[in-house]
Amino acid sequence: MELHAITDDSKPVEELARIIITIQNEVDFIHIRERSKSAADILKLLDLIFEGGIDKRKLVMNGRVDIALFSTIHRVQLPSGSFSPKQIRARFPHLHIGRSVHSLEEAVQAEKEDADYVLFGHVFETDCKKGLEGRGVSLLSDIKQRISIPVIAIGGMTPDRLRDVKQAGADGIAVMSGIFSSAEPLEAARRYSRKLKEMRYEKAL
């Protein structure tokens with residue numbers, strides 16, 4: 001299972017850059033999801049993390065296809081309701097395109113529109129969406145049975161829930177507050193990374 005870390009749009013550029021650089025070796029992908037920041041601020045963030053040695057192949061630009069193209073980042077995440085994957089692929093066929101979905105119908109539609117994968121959530125109740133009940137691992141399982149592209153699960157992901165998500169068929173997990181709201185982001189990322197490695201080891205036995 002892949003481990004995706006998603007920025008939470010709550011930190012100044014310099015602090016966020018330090019966290020990203022610190023956790024880069026513990027995660028598979030880092031999604032830049034800074035919706036309140038200007039293009040100039042996001043470009044400054046990218047400059048800082050490139051200087052810090054981040055592997056550009058690990059970066060996913062959420063929503064800002066323009067910045068991805070300008071910065072030669074080849075992975076983009078399209079929010080629900082934005083451009084369709086098919087529209088983006090027609091113009092920029094080199095991009096690897098994810099689509100955020102919240103239902104079985106949206107997941108099926110994303111596959112039809114040529115998304116490379118879907119980000120489904122929120123699976124469990126989460127601090128990011130307080131008061132909203134999670135959509136559950138049962139729906140996650142239903143989606144996996146209906147589509148053939150990878151499904152990344154997001155929402156309320158904690159290390160002790162990863163087995164349930166794996167059993168439902170998820171190809172990876174995405175974590176926002178569990179890492180970026182932690183007082184110790186590196187140790188938080190390591191807890192997820194260790195749990196995933198432990199699960200892979202058990203499967204190999």
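Just so you know, glycine gets a Cβ as well, placed from its N, Cα and C.
As recorded in Swiss-Prot, the features of this protein are as follows:
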- His102, Gly156, Met176, Ser177: substrate binding site (BINDING)
- His122: active site, proton acceptor (ACT_SITE)
Cβ-Cβ distance under 8 Å, sequence separation of 6 or more, same chain as Gly156 (substrate binding site); the residues meeting this, in order, are His122, Val123, Phe124, Glu125, Thr126, Gly134
Other C-beta atoms within 10 angstroms of the C-beta of His122 (active site, proton acceptor) total 20
For His102 (substrate binding site), the nonlocal same-chain Cβ neighbours (under 8 Å, six or more residues apart) come out as Ser80, Phe120, Gly121, Arg135
Excluding its own, the Cβ atoms lying within 10 Å of the Cβ of Ser177 (substrate binding site) add up to 16
In all the protein chains shown, the tally of other Cβ atoms within 10 Å of the Cβ of Met176 (substrate binding site) is 24
In three-state DSSP terms, Gly156 (substrate binding site) is classed as coil
